[in-house]
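Asks: The active site, nucleophile annotation in TrEMBL covers B:CYS85. Residues or ranges marked as active site in TrEMBL: B:HIS194, B:GLU196.
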Amino acid sequence: MTAVDIDVDTVERALATADEEQPFAELGLQPDEYERIQQILGRRPTQSELAMYSIMWSEHCSYKSSKIHLRQFGEKKPPSERMLAGIGENAGVVAITDKLAVTFKVESHNHPSFVEPYQGAATGVGGIVRDILAMGARPVAVMDALRFGAADHPDTARVLPGVVAGVGGYGNCLGLPNVGGEIVFDPCYQGNPLVNALCVGVLPVDGLQRKEADGPGNIVVLMGAKTGRDGIGGVSVLASATFDSESEQQRPAVQVGDPFMEKLLIESCLELYASKLIVGVQDLGGAGLTCALTETSASAGTGMSVQLEKVHLREASMQPHEILASESQERMLLIVEPAKLDAVLGIATLWGVSATAIGVVTDTGRLVIDWHGQTVVDVPPGSLVDDGPVYARPLKEPNDLPLLIADRAETLPRPANPEELRETLLRMIASPNLCDKSWVTEQYDRYVLGNTILAQPEDAGVIRIDEETHLGVALSCDGNARFARLDPYEGAKLALAESYRNVAVTGAVPIAVSNCMNFGSPEDPGVMWQFAEAVRGLADGCLELGIPVTGGNVSFYNQTGAVPIHPTPVIAVLGIHEDVRHRVPMGFSQEGDLLYVLGT
Amino acid sequence: MRIGVVTFPGSLDDGDAARAARYSGAEVVRLWHADPELYGVDAVVLPGGFSYGDYLRCGAIARFAPVMETIAKGARDGLPVLGICNGFQILCEAHLLPGALTRNQHLHFRNRDQKLRIEAAATAWTNGFDSGQEIVIPVKNGEGCFVGSEELLDRLEANGQIVARYVGENPNGSMRDIAAIRNEAGNVVGIMPHPEHAIDLLTGPSVDGLTFFTSVLAHLAGAAQPVEEEVAA
Amino acid sequence: MARVVVDVMLKPEILDPQGQAVANALPRLGVNDVASVRIGRRVEIEFAGEADLDRAKEIADKLLANPVIEDYAVRVEA
Amino acid sequence: MARVVVDVMLKPEILDPQGQAVANALPRLGVNDVASVRIGRRVEIEFAGEADLDRAKEIADKLLANPVIEDYAVRVEA
Ligand SMILES: Nc1ncnc2c1ncn2[C@@H]1O[C@H](COP(=O)(O)OP(=O)(O)O)[C@@H](O)[C@H]1O
């Protein structure tokens with residue numbers, strides 16, 4: 001293979017050309033961050049290394065602006081014996097019985113869904129499903145929380161049908177029932193719609209999978225779709241240094257999903273888990289191989305030696321930094337004992353999924369990546385995962401808040417007589433945010449798998465997870481950005497309370513919380529204040545209710561120009577239903593039943 | 001009685017079809033697309049889903065699975081076969097049933113509880129119904145619009161090969177409101193809505209779907225009898 | 001490498017809701033001189049060696065087109 | 001009446017799951033000399049009067065192709 005003419009930036013070359021200028025700023029790295037990288041490596045990074053640091057130290061992967069706030073979820077966490085895995089894992093896992101556990105998580109795919117609504121939403125579902133799969137669980141249901149601009153805006157007519165078709169297209173084809181969600185219209189989302197997807201999975205308590213790349217000598221296997229130039233977005237600036245602008249155009253940021261491949265990937269992984277054939281597993285998400293390789297080795301404290309040319313490519317001309325940055329969908333990374341490699345590859349073949357050994361675990365504490373025999377990456381993996389920058393960004397209550405709060409609802413005209421009351425009621429129930437949502441929900445399969453006990457139009461979804469014992473779980477996700485705009489602390493608490501109530505009224509006991517925090521730019525002190533308040537509100541609310549936050553996702557930079565969206569914390573609550581035969585649907589069940597109002 | 005349920009790559013409602021067969025009292029045998037063997041099953045269900053991603057045309061690729069060759073042969077010899085949704089599409093693609101299923105007229109996937117009228121109770125899979133009986137089972141598909149030439153449709157009507165029709169709103173634009181058809185012999189039935197999702201009030205809108213599965217058991221029990229009668233006579 | 005293109009179209013008598021949806025949307029774009037739109041599939045088959053028209057026809061017959069509802073045309077692309 | 005054909009294909013670097021599924025199925029039909037398959041849309045626009053290429057391009061831009069992931073070619077059909 002050495003015959004290949006290699007024109008890539010190797011470690012050797014980096015040492016020889018110490019002063020070469022690198023486009024770190026275009027990759028979103030600050031000068032001091034770039035300096036840190038050089039300190040860590042004792043030299044300038046190679047192109048591939050620079051790409052990897054820029055990805056792993058990005059807001060999306062490093063949580064650099066949110067980290068110091070999210071700590072509260074751990075600090076204020078009420079004691080819970082059920083929690084088997086929490087924040088920091090792909091998804092939180094809670095034990096339901098001695099034998100069964102569930103895992104669930106919400107994640108955003110906002111920006112891609114604005115660019116290409118169908119594929120953006122579809123790959124959003126695909127991504128969260130792989131998170132759940134990586135914990136060792138069989139994904140069993142999905143939900144989606146959506147936000148669009150004004151219902152009658154032309155761009156909503158472009159985005160909404162595509163997003164809904166994408167959520168449905170991917171979830172239906174995977175065979176996952178959609179058991180609920182939200183659709184809210186507000187002009188603040190006009191240029192920045194939100195697509196949050198939730199997935200829940202079930203696993204045996206002793207089937208929990210780990211991501212650690214333990215055991216030097218173990219094999220690193222990449223399984224699933226071929227790697228292409230999907231979503232390498234920012235990293236393409238590395239190419240522009242060496243390629244002409246013509247080839248630059250060939251670097252799409254849009255990923256295309258293949259739910260069929262994902263279905264095969266799910267079945268193969270579950271078979272691998274059941275046969276106890278693997279040591280570790282990690283899904284490939286936003287940061288592709290870069291994230292999977294560094295996280296698995298860093299969390300085990302091991303190293304890795306990877307031959308990047310072994311990765312199956314969709315386009316032969318791909319460069320190492322592109323392969324490392326690629327966001328191609330439907331891929332998983334496995335850590336396998338050498339003696340079990342054949343069995344693993346056999347199961348992949350049975351399901352028609354390709355799987356390739358691309359490297360081995362080492363005890364060097366370094367992630368070393370070769371490209372046709374030359375070393376292009378040699379880094380301590382922990383430096384990418386754990387040593388990223390952390391910011392305590394300035395916070396400041398938005399200037400307009402007192403005015404907004406002063407503009408109270410009491411000043412609005414009220415219906416003065418029964419006629420006007422009737423009129424108001426009719427207008428309300430016909431409004432986009434309150435009207436019947438079946439145009440959307442009918443595009444989702446709610447029956448597949450045969451365990452859906454409650455789904456739309458109920459306030460919470462309920463699914464059976466054990467046919468013998470009738471055990472089930474209830475799920476709801478809620479958010480009210482208008483409340484949160486007025487008071488992010490109370491707004492987050494209210495969303496939590498609503499979700500909690502929705503779960504409780506089905507007859508379930510709420511036990512765990514996940515969340516997706518959708519906000520504007522963290523560099524805007526007003527937004528940062530909203531975020532800090534919302535996190536504090538959620539953490540306090542959880543403490544009061546006595547349930548832990550088990551995971552979540554932060555999506556910043558949701559804004560158009562300088563105008564951020566309303567702060568939109570979407571809070572999901574999961575509850576245990578001891579016997580789904582006793583579920584309580586929301587409809588009146590028969591004439592003559594008495595109505596009571598509980599609470600204040 | 002043994003009912004085989006086939007799993008293709010991308011089958012999704014195979015577990016549900018197996019559960020429905022089990023509820024009806026049958027012994028369930030899971031069949032694999034790549035294995036031509038039918039393991040002596042007395043009837044076969046091709047379940048719903050997105051075999052091979054439903055890429056190209058629904059059912060077009062599944063038709064070439066090794067198990068389909070054996071099933072096609074069996075079907076010609078009278079083996080009861082029920083194709084549900086994607087299974088119906090596969091049966092049409094394999095020419096075991098006439099006509100074709102195309103994109104829903106409104107171009108959307110649609111999932112709702114659907115009222116049907118059983119038009120032909122004289123099939124292996126519907127003998128437990130009365131002709132004209134109305135039932136409710138879920139429909140969920142993106143390509144469930146049955147099409148065929150006028151001549152074919154007339155022939156299906158004349159032969160009593162239309163097994164069920166949509167009542168009320170036609171969910172996909174199917175010609176002549178066709179929801180299910182059978183082959184001439186009556187052992188092969190394709191149905192777009194999902195009987196396997198209507199077997200328990202906890203998880204479905206009715207228990208009407210179970211009758212499809214109990215019907216085939218009755219059919220198989222009955223098929224065993226005439227032979228005895230002949231011997232007796 | 002050689003490319004054969006297979007064009008698969010719904011038969012004229014079969015309703016094409018997708019094409020119709022596009023046609024119906026045109027007046028809103030200010031386009032009024034279109035009589036009809038039909039949407040089919042274009043399949044590009046890349047042969048490892050020579051372009052093989054007969055092979056392509058065979059593939060089209062068996063797999064790419066459903067003769068009940070579709071017609072196809074096969075040609076080598078320059 | 002005059003017909004303009006718009007061929008819409010996924011850009012070469014974009015994943016084409018459909019084409020891939022068909023390519024993977026070919027060996028089962030005994031076809032082994034196909035390197036790859038890509039599947040796109042063929043759109044036939046029937047103009048009431050003259051064929052109008054510019055109009056067709058405009059329709060393709062606005063309705064038929066998503067420039068983020070697709071390329072298209074427009075031609076008058078003889
Ligand atoms: N995007 C969505 N995906 C799935 N289900 C949804 C979605 N939006 C709304 N739903 C479901 O539709 C039903 C009605 O929604 P909505 O009108 O928002 O109800 P509510 O205001 O009572 O929460 C609920 O069951 C909800 O879960």
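For all residues, glycine too, the Cβ spot is worked out from N, Cα and C.
No curator has checked TrEMBL annotations; they are predicted automatically.
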Asks: Quick one: what's DSSP say for B:HIS194 (active site), helix, strand or coil?
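Replies: Coil, per DSSP.
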Asks: Give me the CA-CA distance between B:HIS194 (active site) and the residue listed as 'active site, nucleophile', in Å, as a whole number.
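Replies: B:HIS194 (active site) and the residue listed as 'active site, nucleophile' have their Cα atoms 7 Å apart.
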Asks: At the Cα level, what's the spacing in Å between the residue listed as 'active site, nucleophile' and B:GLU196 (active site), rounded?
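Replies: So the alpha carbons of the residue listed as 'active site, nucleophile' and B:GLU196 (active site) sit roughly 11 Å from each other.
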Asks: What does DSSP call B:CYS85 (active site, nucleophile) in the simple three-state scheme?
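Replies: The residue in question, B:CYS85 (active site, nucleophile), is coil (DSSP, three-state).
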Asks: Do any residues at least six apart in sequence from B:GLU196 (active site), in the same chain, have a Cβ closer than 8 Å to its Cβ, and if so which, in order?
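Replies: Expected: B:ASP13, B:ASP16, B:ALA17, B:ARG19, B:ALA20, B:PRO47, B:GLY48, B:ILE84, B:GLY209.
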